[in-house]
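A.B. asks: TrEMBL lists these features:
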- 64-91: domain 'C2H2-type' (DOMAIN)
- 92-119: domain 'C2H2-type' (DOMAIN)
- 120-147: domain 'C2H2-type' (DOMAIN)
- 148-175: domain 'C2H2-type' (DOMAIN)
- 176-203: domain 'C2H2-type' (DOMAIN)
- 204-231: domain 'C2H2-type' (DOMAIN)
- 232-259: domain 'C2H2-type' (DOMAIN)
- 265-292: domain 'C2H2-type' (DOMAIN)
- 293-317: domain 'C2H2-type' (DOMAIN)
Amino acid sequence: NADIVMMVKDEIEVHEEPVPSQDVEVSVKQEWECSQGDKSFPSNSHLIKRQQAYTATGETPYQWQCSQCDMAFSQTSDLINHHRTHIGDKPYQCNQCDKAFPRKTYLTEHQRTHTGEKPYQCNQCDKGFSQKKYLTEHQRTHTGEKPYQCNQCDKAFPRNDHLIQHQRTHSGEKPYQCNQCDKAFSLKRNLKRHHQAHTGEKPYQCNQCEKAFSQKWDLISHYRTHTREKTYQCNQCKMAFSKKVNLMVHQRTHSRDTEEPYHYYQCNQCDKAFSLKGNLKKHQQTHTGAKPYQCNQCDKAFSQFGSLKRHHRTHTG
């Protein structure tokens with residue numbers, strides 16, 4: 001093409017990120033192919049001969065094409081960085097933990113988790129973020145933008161990872177497997193929570209009493225017993241509840257026309273039934289004779305926590 005002026009710059013040092021290993025150099029060397037022609041170009045560890053073609057408008061018709069996927073790049077250094085995602089090479093090691101990364105920029109972003117640095121500030125509120133992408137995602141909470149659309153239903157999401165998680169509700173995929181039992185989960189955070197059931201770990205401590213919880217939301221719900229806050233309002237009457245599950249149980253009393261009975265959990269040893277499974281389990285202790293609630297001031301024990309509380313009053317007067 002007569003309109004294209006070829007400009008060759010030999011031995012230009014790649015100043016962004018040098019190739020740290022010979023393995024990467026050899027593998028990547030075959031990837032440097034022009035996406036709009038049949039030419040390929042050589043390289044070495046720090047010096048790369050790059051050829052760029054410019055039109056009169058300054059456009060760059062030649063790109064560096066990855067042969068393992070459909071991505072192309074205008075800079076060889078970007079191709080090198082991208083290629084590491086295929087071969088799993090992570091030469092940039094964090095000096096404060098055992099994590100490693102394929103790109104120096106990823107390492108820099110990660111190190112902010114150690115320093116607490118948050119250089120990306122939201123201009124609509126006081127929140128700051130360690131990475132620009134997190135700021136972009138956060139700003140959608142102000143704009144309401146949801147660019148990630150599910151192709152199986154009408155739901156849309158502000159973040160791509162939220163879309164991926166949602167799509168598992170359609171596919172039934174549960175990629176996160178517990179290594180101590182046969183349970184699997186669609187979300188990594190749910191697996192992490194489940195692990196605490198095996199370890200007995202309760203990292204969420206109430207600062208107003210001695211209770212601790214394995215789940216953050218359980219702690220938040222528990223706090224309302226101290227503040228008497230009732231955030232869950234019934235939309236059919238004036239009653240409000242501190243826990244969502246209690247609201248759901250209450251709403252069954254309005255559903256008289258449904259087949260679902262209000263007393264859902266039936267005792268198999270008597271005719272009593274309960275709206276909460278936990279209350280059924282407590283009731284069944286009256287049949288088994290189990291008395292897990294021990295008084296710390298005498299040797300008496302009780303099957304129900306309420307009975308223990310009533311007993312405590314005999315000590316306090």
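A Cβ is built for glycine as well, from the same backbone N, Cα and C atoms used for every other residue.
Automated prediction, rather than curation, is the source of TrEMBL annotations.
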A.B. asks: Other than its close neighbours in sequence, what residues sit by the domain 'C2H2-type' (232-259), given a CB gap under 8 Å and a spacing of at least six beyond its ends?
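C.D. replies: Distant contacts of the domain 'C2H2-type' (232-259): 221, 224-225, 275-276.
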A.B. asks: For the domain 'C2H2-type' (120-147), DSSP counts of helix, strand and coil?
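C.D. replies: Summed by class, the stretch gives 12 helix, 4 strand, 12 coil.
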A.B. asks: Which residue counts does DSSP yield for the domain 'C2H2-type' (92-119) in the helix, strand and coil classes, in that order?
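C.D. replies: For the domain 'C2H2-type' (92-119), the helix, strand and coil counts are 12 helix, 4 strand, 12 coil.
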A.B. asks: Using a Cβ-Cβ cut-off of under 8 Å, list the residues of the same chain that are 6+ residues beyond the ends of the domain 'C2H2-type' (120-147) and lie near it.
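C.D. replies: Those are 109, 112-113, 156-159, in sequence order.
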A.B. asks: Mean pLDDT over the domain 'C2H2-type' (64-91): what is the value?
C.D. replies: 79
A.B. asks: Which residues of the chain, 6 or more past the ends of the domain 'C2H2-type' (204-231), have a CB below 8 A from one of its CBs?
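C.D. replies: That would be 193, 196-197, 240-244.
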